[in-house]
């Protein structure tokens, strides 16, 4: 009885997660599609004009409208659009009259690379500064770290890029002002994207770690003679990991959105710059496509962080209910159990 | 929160106000920009282009010769206008939506909540960009785009607030009085829902200002020639290297507003930060000056010194097998004005192999006085007095040890079992990981497998069946009794000479309690370990203790050998405690006596005996002078002046029983 039950419970939770995530993504796609309804101007006229190179005749516009299927009712258009989008076909750009799908595929690598680099920077710096902020007593260093972190989150990315360009590129001549070529060109985009994220993350790390370090198990660790470093690493950080992971997921999502600004500033050929170009030209299909991809990435990053949060806490694993039987047959080992009991809440459960 | 005392100078409330000042300045500048600005922000003067700051143009001019200061001030006006419009729209939409959802509940609430959740979880910048992308730039579209992502948090806050109020008797009463839903929502739900939303709005200003500036910078917000801050920056971009006055002021303005808003938000969200326990163990150099020692009320207390250890009030002398000797120990915590003692002038000693029980009511300071020598109190606690431990080969003063010195004592010579076994174990680590760490700390570990073998041996020693399996369990998977045994295994890892057990059995049911007490007694017999057992349960004490110390209001009121204390208690408080223990031998229907009054006072709250208000034999003099512990017999001390002179006489009198 045990194994199937366990499977059902674990499988049920995975299924639930998948269904929930798909639901949110579906809502995102509906919202993205609905952008057309907010639009001013006629997309068909725009594409016809792009093709003709001058304002199009009504016949040309009607031909394009029929070609794009814009004469069908909105729900039907949504379903068609969604079906195409799932296969990577986002139609033609109104601005360039070229397929959008391959363009996005070309550009997403740049954006993902930028996000990955900035995420590493944000996580490393954010956790280090956060730990320092939680561990050190009120004092100069702490004040500096805290103010620095808050400042980093408050400085607009585009202005930070100015400062970096002024200092690193123009004054010191260490890096080129823009473009994507060698490793040196990565310095400023990564800093502009990663530093604010690091600041935000460090505040969360500091606050949650501080809370985790105020718990009685830290006192107990002191009583058995554990070192501060061991207490921070083994007791503090793991117990603060839940909120930190959740914010880290959010941070990665925000980095993805932040590429919109950073790629535009530094002239990187990524998805963010494409999005801004599409928005500036009111290129609705391209706008929808990039919003769907960026928004989907944002949602996925958050949803995956939720999963990670569950995985780090043994108490939230459904298959580890409170058990009181003392002797245990050998096949009933920790880690693969599925007792029917509900998990007593750790803090309120009777002892 | 008692952190206020550490603040230097400025009280917390004032600091919040100070933080909000830049926001206020932003609002005032925005409102008064036309009056403050020295020139027309859009007036071109190509002859005066790109002039550096001067008396005429305080912040210089831009490429079209426009006065930069005027443009900056008018930029504040635009930012303020957009922010105000966005806040007005999103507050109205959010609060009304949230209030309706919270008030109606049921399926409507579920649907609206779902929509709110999704709206909150979407990246605002993306939404705004997309909306402007299809509608084109301009102030109107900007407000719509930003409001589309700004409303959701307000709806969530309002919904939570109203849902909390929905079931309140107050609303039921209103309904009974005939108030319609419109009136209830408008008069009684919207105002309380609005209040937290307004607070949140103050922290939202920064996000909106930043969003608007970013959109303008991308060319999708306020179109030129309106001097929006982000717009100023994008226009100054070509002249970045030559005209610094175009690059810095707008950025500083945005950063200042956003920073103030973020700081305010953080203060409101997390409140005052508490220092962690850990800062206590960091090297002194990394810490700010330790809390100053303000004079404790009785000026007789002394700093730990080698001499204070020997200037003992008790007759026993050192070097006689006494393991722990505590003299004149006082513990104080920061209080509104200065410090407040919670434990005062406590003296006790633990001979090798003996069990000392410390009893008393909740809040009597018993846990504090036994954990204080080992530095296991809150970092804000100030411990003075003396505690010497004669462990291993030499005698050590425990009060005032540095953290590395403490690590030589804690775990190696002293093991501690805490009261709440679930809280004292890290929920994310297995029992084995805990014990392994304790084993390694004491230097008994080796390779992973070797350490684990020691761990399993320890788990077996404390009577846990299947040590191999238990070591892999997490704390929440064990019962309270098993967790308490696991704590014991951790405490025993260093083969300590002294075990401190704080209420080791109070959270357990009676049979498990009995097993654990038997285990403690066995460990004492087999390992020759001395123990301090803190308990409020005299039944526990009588099964284990050799000597008993009774605490009341932070002081020891009576201490002596177990038999003396049970059979000849001298202090009226001790007698009261004994009377409150139900005995199997008494006739049915006999009501056991409880003590009148309540506890919870500190040692310095009363001029005289703290127990006097509840004492059945108190005389007026009791409330005037602090009684001292007087020796009645070898090892037996009491702090009741009315009893100590004629102890035997009084003890002979039968305690009265109600209803007998």
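Just so it is clear, glycine is given a Cβ too, placed from its N, Cα and C backbone atoms.
TrEMBL annotations: computationally assigned, not manually curated.
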- line: Ranges in play B:39-57, B:58-76, B:115-133, with TrEMBL marking transmembrane segment at B:115-133
Message: Checking feature assignment: region 'Disordered' per TrEMBL, candidates B:560-581, B:582-603, B:604-625. Which range matches?
response: B:582-603
Message: Need the matching range: TrEMBL marks region 'Disordered' on one of B:223-255, B:256-288, B:289-321, and I'd like to know which.
response: B:289-321
- line: Tertiary contacts of the transmembrane segment (B:115-133), defined by C-beta under 8 angstroms and 6+ residue spacing from its ends, are 97-98, 101, 141-142, 144-146, 148-153, 155-156, 159, 207, 211, 214-215, 218, 220-221
Task: Grab the same-chain neighbours of the transmembrane segment (B:78-103) for me: Cβ-Cβ under 8 Å, and only residues 6 or more beyond its ends, written as numbers and ranges.
output: 26-27, 30-31, 109, 112-113, 116, 139, 142-143, 146-147, 150-163, 165-166, 181, 184-185, 189-190, 193-194, 197-198, 201, 204-205, 208-209, 212-213, 222, 226-229, 257
